[in-house]
Amino acid sequence: MGSHFRSYIWDPVLILSQIVLMQCIYYSFLGLWLAVVDSLVQTNRSLDQIFSYEVLGLATMQGRLSMMAFILNSLTCALGLLFFIRRGKQCLDFTITVHFFHMMGCWLYNAHLPAALSWWLVNVACMALMAVIGEYLCMRTELRAIPVNSGPKSNL
């Protein structure tokens, strides 16, 4: 009968729009971080930095900088979870969804599933960072005290 606090209503349009928004945030900020990193060392920008699994690695300077951009992107995507998802329970779901679609994009770009161990390690670390930090930030806002002041106090 009464309304429940934060009752969950199935809204597929909202969920799909949140998925699209998080993918846009992921690729926009990844591109921004890669551009910043590339400008520091004056390297050429290409889609290989985003989708090719051979670029990520500890052997080359470009690989280490690309890994740093992916990690920084996880932090900015965690802020995206805070501002647009706003539910701690859904942070892991959206994090895995974003990285799953990124894996599918890498699979299509390379014409085969990524085989480099460094690619898998970086993406698992980025998933963990994004989910944990996003959940922490969302839980902090969910656990804020709810103000109960409804009107002026009366002196009795």
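Here the Cβ of each residue, glycine as well, is placed from N, Cα and C on the backbone.
Annotated in TrEMBL:
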TRANSMEM  12-36  transmembrane segment
TRANSMEM  65-85  transmembrane segment
TRANSMEM  92-111  transmembrane segment
TRANSMEM  117-138  transmembrane segment
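Within the same chain, residues 18-19, 22-23, 26, 47, 51-53, 77, 81, 85, 119, 123, 126-127, 130-131, 134-135 sit at least 6 positions outside the transmembrane segment (92-111) and bring their C-beta atoms closer than 8 Å to a C-beta of that stretch. Within the same chain, residues 53, 56-58, 63, 67, 70-71, 73-75, 77-82, 85-88, 91-92, 94-96, 98-99, 102-103, 106 sit at least 6 positions outside the transmembrane segment (117-138) and bring their C-beta atoms closer than 8 Å to a C-beta of that stretch.
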